[in-house]
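According to Swiss-Prot:
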type	residues	note
BINDING	G81, 84-85, T89, 91-94, 109-117, A121	5-phospho-alpha-D-ribose 1-diphosphate binding site
BINDING	G81, N112	anthranilate 1 binding site
BINDING	S93, E227	Mg(2+) 1 binding site
BINDING	R167	anthranilate 2 binding site
BINDING	D226, E227	Mg(2+) 2 binding site
Amino acid sequence: MFDLKATIGRLAQGQTLGRQDAWMLFEQMAFGHASHAQLGALLMALRVRGETVEEIVGAALAMRARMVPVKAPADAVDIVGTGGDNAGTYNISTCAAFIVAGAGVPVAKHGNRALSSKSGAADVLSALGVNLDQTPADIERCIAEAGIGFMFAPTHHPALKQLMPVRVDLATRTIFNLLGPLLNPAGVRHHLIGVYSRAWVEPLAHALGDLGSERALVVHGSDGLDEITTVGPTFVSMLARGRVRSFEITPEMVGLVRANPAELKGADGKWNAVALRRVLEGQPGAYRDIALFNAAGGLIAAGVVENWPDAMALARASVDGGAALATLNRLVEASQPEGHVQPY
């Protein structure tokens with residue numbers, strides 16, 4: 001029988017857990033067998049000592065076994081960040097997701113409301129008019145009709161609901177920042193994942209491989225962003241054909257001018273929604289450049305192109321031809337309940 005108190009003691013002493021022990025620990029958490037005090041102690045013990053790949057893989061397997069699944073095409077991609085970079089940018093990966101979907105790649109996006117920032121994916125999508133109260137069948141219809149669907153994390157991970165107050169009270173990064181991108185309810189095997197620390201770029205790529213992903217880019221900007229950045233170099237680890245290779249990319253490599261960090265700042269969900277829509281409408285500037293760069297990464301992760309110039313060209317065509325904006329409008333419409341009349 002799994003001993004939760006003994007495991008807390010082991011973690012408090014700085015010991016690491018194997019994959020099986022991590023799986024059992026997070027299964028206990030998922031079944032609600034840990035008090036809020038125990039949850040806080042576990043999360044902070046892992047945070048202070050530093051999580052391991054084995055712990056993350058074990059935890060992900062436990063959480064995946066309890067999630068509410070969604071069916072998506074085999075070539076679907078997710079574009080998501082861990083959060084926790086404290087950069088306060090606008091919703092870059094959400095904007096990039098519409099560009100990728102506009103380029104013809106199905107997107108099954110998984111996300112949440114803001115925990116450590118002003119605007120999470122759910123906040124900006126809600127402000128754009130997307131209905132978040134959807135069943136798995138509703139989301140599957142959105143992917144079929146609009147080319148993109150959004151899975152609101154609390155709906156698909158009921159086991160995590162009791163953790164939400166603890167995470168909010170802690171108000172700091174925990175293992176769940178790293179786990180979130182690995183818990184896509186559609187089981188996507190293609191990913192662009194931004195992480196809050198360079199130290200996690202390569203380990204998370206290996207974790208994805210251990211979890212069965214086929215192709216992924218894990219990225220961290222040299223300016224601290226959990227995105228592909230236009231401020232400077234981006235550190236990348238790419239999973240493909242069962243192997244991980246690491247490299248750097250820069251804005252200049254794809255014909256972009258470096259941005260000032262202040263040019264990428266955002267605000268709350270409503271403000272960011274306006275900014276995102278303007279990018280999809282074709283407005284030039286730093287917001288557009290970084291969205292295109294991340295969309296290019298998403299297209300490479302999806303496997304539709306192999307090099308960055310071709311990926312950038314495809315991303316630009318998605319925006320400039322109107323497909324990305326049309327994708328947003330279709331998602332807003334497709335996500336509404338039957339009988340709803342969308343205002344214009």
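Glycine too: its Cβ is placed from the backbone N, Cα and C atoms.
Structure coloured by features recorded in Swiss-Prot.
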{"residue": "G81", "record": "5-phospho-alpha-D-ribose 1-diphosphate binding site", "DSSP (3 states)": "strand"}
{"residue": "T89", "record": "5-phospho-alpha-D-ribose 1-diphosphate binding site", "DSSP (3 states)": "strand"}
{"residue": "H110", "record": "5-phospho-alpha-D-ribose 1-diphosphate binding site", "DSSP (3 states)": "strand"}
{"residue": "R167", "record": "anthranilate 2 binding site", "DSSP (3 states)": "helix"}
{"residue": "D226", "record": "Mg(2+) 2 binding site", "DSSP (3 states)": "coil"}
Alpha-carbon spacing, N112 (anthranilate 1 binding site) to G81 (5-phospho-alpha-D-ribose 1-diphosphate binding site), which is rounded to whole Å: 11
Nonlocal residues around D226 (Mg(2+) 2 binding site), in sequence order (Cβ under 8 Å, 6 or more apart): G81, T82, G83, G84, D85, A87, G194, V195, Y196, V219, H220
Residue, out of the binding-site residues T89, S93, N112, whose Cβ gathers the largest set of other Cβ atoms within 10 Å: S93
Tertiary neighbours of R113 (5-phospho-alpha-D-ribose 1-diphosphate binding site) (same chain, Cβ under 8 Å, six or more apart): G120, A122, D123
Length of the line joining the Cα atoms of E227 (Mg(2+) 1 binding site) and T89 (5-phospho-alpha-D-ribose 1-diphosphate binding site), in Å: 10
Least surrounded among the binding-site residues, given as G81, H110, R167, E227, when other CB atoms within 10 Å are counted: R167
R167 (anthranilate 2 binding site) versus T89 (5-phospho-alpha-D-ribose 1-diphosphate binding site) - Cα distance in angstrom: 21
